[in-house]
Structure formats: structure tokens, C-alpha cells
Amino acid sequence: MDRQSVVKSTAIPFPLNFDNEKYDDMYKAYNKIMVLARDLNAFIETPEFVFIGKDGNGKSALIESFIGFPMMIGEGSSLRPLHITLMNNARCEEPIVTFKRDRSLDSYEFDRQIELSMVSSEISKRNQKTSIPIEITIEYRYYLNMLLIEPPSVSIQPTNAITIQGQSMTSPANQLANKIAKLSIGNEMGEMITQYTKSNNRTLVFVETSTNGGTNSSEMLELAKKLDYKLDRSIFVFNKFHSLLTGDQPFTNGRDANRFLGSPSIGAPTFFTTLPSTAQRSQCNSKDQLSQLCDQLQQTDLNILEQLQFDKKYERNVGLSAFRHWISEFTWRKYLDSVPEVLKRLNSFRTTSEDQLYQIRQQLERTNAVTLRQIANSYVSIEFIQCIEKLVTRTLEGNPSLNGQTLEEEKSQDETGDWYDHNGKPILLLNDEKLVTFYDNKLYGGQQFERLLTEFKCITEVIQLEELSISEVACAIGSNRPSNASVIAWAASDLAQKKIKEALLPLVDQLFKRATYILRRLVDIVDRMIENKKKSSFRRHGNSTSLFQDNSSPSSQSQSQSSSISQSASLSSENMIYGIQSINGSDSVSRPSHENTIVNVEDHPYFIYSVKEMYFKYVDQIAADCKNKCMDEFYTTRLIYWDLQSNKDLKKFCTDSPCVSLNNSLNNNNKSTTPGNNNNNNNNNSNNNYNNSNHILNPKETHTMVTELASKLFQDIRNRMSKNIMLKCYNYFLIPMQMDLKLNIQDNITKLSDAMLEEIFEIQTTKERLREDEQHLAQICNQFIQQEENYKKYSQSFSHPFPSAVRN
């Protein structure tokens, strides 16, 4: 029924009957606006109303009359809070009532749809004392979305009439109870009221019985001032107004009526209603019957006031229709304030998608060999190689706690493992492992390489000369008689060189295997460094032109649009976002500094793979060159350590040997038998020495002498060779990684032909994908344009509602 047929109010600009079918266009427009807002992930706050009142004041009757359908909600019979959600649904010609699942009770684990006539009985079944609310959803095409909350009824007594027992008087609930007057049902009700009223977006509807004392004696007013001290979100409804007009002390004239209706003590919207009793509502079988009954009661009150000649300005405060229209307009204005925000968001998405479409078209135009070569050179020289050089020298950008490796973690990899000797037995440092620098710290790059060399040095120091067999000594001496130091030196030198080669060659192989692994794993760290640089750039330049960067974009809402937008987002490479000319070379979104060179790995996987392959080949090449340099230490001609001939230790060793002692004794005997032949002795001095040196040692003596001398030579050669190998690893492995890597890879990129560049960048596939994405984005742009036009039309219909008959 049209409101104008009941109340001729001029205070409300657009008087809406909440469920008036004459405003069908307005409700259709509202439905379209809400659907689009949901697709755009635009938050629109739903108005919420909390009805607070005592038993018997008509709170449940007010809610039922406001909803507009007879449901026989029991007055004061609810022990639980009641949440009634009114939801607009354009497909519901008749209201659909759904009770949400109630896990606090058995056998109510699922949602249930019931008839309007069964609402009261269903509430009675669930009516058990608990703070968990009964949730009801009513869908109807002539509703605006809102939430009606009815806590259990309160009973207020004078402040000195009751004292709360058994609870701490300092608790928030008791403090509230003391301030607002004692609640007879205890602190539990005080906490519940506080919980439901503390949200600022909720409107509080205080329901009370009309009395002769007027609003000055209102019990709810003091409660309202404590819950909402400004009363800027409070509404007062004084029910049973007809009983006051026709009671024992009725108004005698219009002045008394005006004084009562215009009481200034409240300062908040106030309404005086007469609602159908429970018996009257039970006789209503339809919406129209309930509406006619409410209108008759309202008209009766207005007729009495007319007889008293009351001021017409108070007419807007009398009757259920006035209250309903105030709530309707309040809700309508709430949604009306959200219309520009949704339009702004829609316009933002449209603009963003158009910018993306423009950038993709720029990509297609500038997809050529020149641009590709610029991208390749920029990425290789500024990003990839720069990160490698930082890791080889020193940097914290690689996040050592995440990407670094301890010595144990490094050895646990399949490409590395423990150290093994030439017999395949593991070489363990045991307690000497602590001699390895930073053995328990996470390292990468150059620092990890240096730790490897330190470990190699410790491992070589553990290596000792194995026991030499008599056969090996005999073969080393050959046909020469071991009668002097030079023969022994030759044999010991030869054995030491062969044994050191046998012992160190496996270690050198393992050294370069692990060194290659350390440098090859840097590419994974570089990928993470570049990714972190992208994330930091996103944070610095949050206002990107990319549609997909907005987490609340419609791509995540509407299934019809999600696939298109997500595909268009994937194609709009982050190169565009960072302004790298990633195929498009657009300067419109360029950023300063080195961030212009960031390339999205996902956009050009084969190019990135090719760069990594160039790096791997370079690492393998310098590893092979360095290893050849180290092998020069082993590939020597047969030589003797001539310094042994003049070495004091060797001379002492030969002097103390058994053969020399024997020769000396023979010489002394000759001297004693021929004492007078001094000249002969002097002349034969050299001959005696010759005989001494040519004395033939037995195999055991020879083995002992050669073994001891070879062991000493083994240690000297081992120390010298390990030191030289470490120096060559620095000079021919680590330093080229710092100095020559950029030139090598840059040269390889420069030598690539245009055809090879297009193949590496998959230019044909990229163009096909860009064309597909261009079509998708063009379609999305058209959809946004169409939606924007429709939204403007819907917002116009919603902002200026008129009955359909008037519009026609």
C-alpha cells in the first residue's frame, strides 16, 4: 500500500513503502547495484538495527509488523538472541524463510526452509537459553538488505531495588549494570546488551509502552544514554499509543497532545505506535491483511489527534507507517552513499584495463630483434652478472640464512659428498674439522669457495705416505747399486712423486667437482635475489598500472570475468610494470635506476635458461682450465731433488747409516796395519771414499733408508703441491669469475643472430599469446564500459525512486 494514502508527510524527500510493489524499478536497480558491487569486491556496509525493550512492550510485534508478514513471533518468549536478515532477491516473488544451521542444538546441523506460518513454532523448538543467536534469513524482491537483532527482553528496576550478587563489582558487565540501572536477569544480560550495542554501525531501537509521564519518565532513556550517550544512533518507539489516547487520563486538548508528542528531553527520532495484539495478528493470514490492520490502528490514533486539533508537524511521528518509512529512508540513504564508491571502483578497473590493453598493443608493435637484444643485454649485464659478481665477492642480498650452506649441508648434496682416497675409503677430519674456517656457518659464493680450499688443505695434511714394499723400493732403485746418497735420493724422489700423485689426484678431482657445484648453484640464488628485488619494487611503486595487482579486482570475483582478467594479467608481464621495455619498451611506465632491467622469468623462460647455460659452460670451461693448470704439478719429468746432496740431514743420515760405519771401520784397520805408509794413505783417501760410497746395502737397510727419506719428501711435496693448487684455484678459477664472466657471456649474447634471439624469446608464441590477450582485454574493456553505463542507469533509478505507474 502506498504510504501517501496513509500519511501525507513532507519531511521525507522520497517516501518509500518498504515492500511497496509500485517501486519495482527501484528494487531492481538496487539488486543490480549489489550484484555488481559483489563482483567488484566493493564493500557495502549492511545497516543493522538492535531492538531493545522490556517484556510486554510490543518489541516482537514491532519487528513482525515492520517485516510485513504475519509470523506470530512470540512476545517475550525468546530465551536466545534473534537475528533476522532481510535480503533482496529479485527471483523471490514470495518471501523465502531459511533457518540457518544451529550447532548448539542436536538435529539442526543444516539450513532449513520453512513456511511463514511455521516460523513461530520453529523458534519455539530452538528456544533454549544460550547466547548463540537464532539466525533467520528472509529473501524477498521488495527488501533492502538489513539485519534486525532482537536480544532477549530486559527487565529494569530502580537502582536501589536490587543488588547483583556473586560477581565482582569491578567487572565491565556489573559496571554497566550499575550505571544503566540494575538488570534483574543479572550480569549476563548486561554483557549481552553491551556486546550487541558497542558496534557504531548499529542503530539502537528502544521500545517502550506509552505512559502519561511522557518521554520524561522513560525507563529506556537512561539506558540509551549509557549505551549511546549522544543518542545519535538511537530511535525510540513508544507502543500502545491508543491505550494512552483512550485511557483513564486522556489528552483533553491539542496543547496537551502537542506537549507530549514534542517532548524535547529525548533529542532522537521518536515514534508513537499502536500495533496489533497477538490475537489480532493470529487472525491475519496474509501480508495485505496485516498491513490493513496496522493502517486501521494508525488511522484511529490520527483521528483522535485530529479531534484534539494537534499540530500536523507531529503527524510524521505517529504510526507504524512513519516508523517504517524512517527506517526505509535511513537504509536507502546508507546504500545511496555507497553508490559513488562503487562507480569509482568500476571506473578504476575500466581505466586500468584500458591501460593494459594499450600496453599490450605497444608490445605487439615493438616486438622486434632490436628490442629483444636490448632486453637480453640489459638483463645479462645489469641483473644476472651483477648478482653473480656480488655473490662471488661478498654480499648479504643472497640471504645467507636461507640460501647459505654449512659444511655439513654442502657435503649432504648429491653433487658433492665426503672426501675419499684413491682406495675409495672416506677421509675424516674428526676433531680437526674445526680447523676449517666457518665450518658451521651458512655461506655461499666466494666465501663458500674459500672454505672449500681451507678444507682441502686440512684434508691433504691428513694424507701420509703409505708403507712402501720392498719390491717398490727395489724397482725404484733399479740396476744401480745403493752405494751412495744420490742413488737413494733418486729412488726416494721417484717414489714420493708417484705416491703423491696417487694420493692427491682423487682429491683434486673432488675439489673441482665441489667447486663447480658451489658456483653453479649461484644461479638459483640469483633468481631469488631478482625476485626479492621485484617485491621490493612493488612495495616502492605500489600504484602499478597492472590490473592484476589489485587483489580485489573483479578477476577474483566473477567467474565470467576471472578467466579473462587473470589471463590478461599473466600476459601483462611484470616487465611492463617495471618499465623494462620487456618487448614493448614503453617509457610511459618506466622507473628510474637499475630496476628498469628486471625481467620476469616466467615471461621468457627459454631466454633465462639460455643465459644459465652460458654461465654453466663458462664455469665448466674455467674449471677445466684451472684443473689443467693444477695437473701441471703432477705432469713432470723424472727428477731428483739435488738439494738433498747438500742437505745436512741427508749427510748426517748417510754418515750414521750402517754402510758408512762399516767402511770407516775397514779404513781404520788398514791404517793400523800400515802405519808407516802415510803417503799411500793420503793418496788412497779418495779411493777409500769411493769404496765407501760403492758399498752395497742389503735390501732391508735400503728399504729403511728409502722409506724414511721418501716419507720426508712426500710431506714436503704434499705441502708444496697443496699450496700451489690453492693458489691456482684463486688465480685461474675465482678471479676469472669476478673479472671475465661479464665479457664472456656478453660476447655470447652479442654473437646471437636475430633469428636465434627470436627463437630464444619464442617470439612467435609470444605474439600469438599477446594477440589472444589483446582480444580478452578488449572484451573486458567493453564489458566494463557496458557495466559502467548500466550502473549509471541503475544508480539513477535507485537515487530517484518513483512508482512505476508515475514513471509510465
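Numbering starts at 1 and runs along the chain as displayed.
Using the three backbone atoms N, Cα and C, a Cβ is placed for every residue, glycine included.
Range 150-153 is the one annotated as region 'G3 motif', of 150-153, 262-265, 414-417, 590-593 (source: Swiss-Prot). Given the ranges 99-102, 231-234, 239-242, 747-750, the record in Swiss-Prot names 239-242 as region 'G4 motif'. Cβ neighbours within 10 Å of Val154 (GTP binding site), excluding its own Cβ and spanning all shown chains: 23. In the three-state DSSP scheme, Phe241 (GTP binding site) falls into the helix class. Its Cβ taken as reference, Lys59 (GTP binding site) is surrounded by 28 other Cβ atoms within 10 Å in the chains shown. With DSSP states grouped into helix (H, G, I), strand (E, B) and coil, the region 'G5 motif' (276-279) comes out at 2 helix, 0 strand, 2 coil. The Cβ of Gly53 (GTP binding site) has Lys59, Ser153, Val154, Phe206, Val207, Glu208, Met220 as same-chain neighbours under 8 Å, each 6 or more residues away in sequence. Local packing around the Cβ, expressed as the count of other Cβ atoms within 10 angstroms, is greatest for Pro151 among the binding-site residues Gly56, Pro151.
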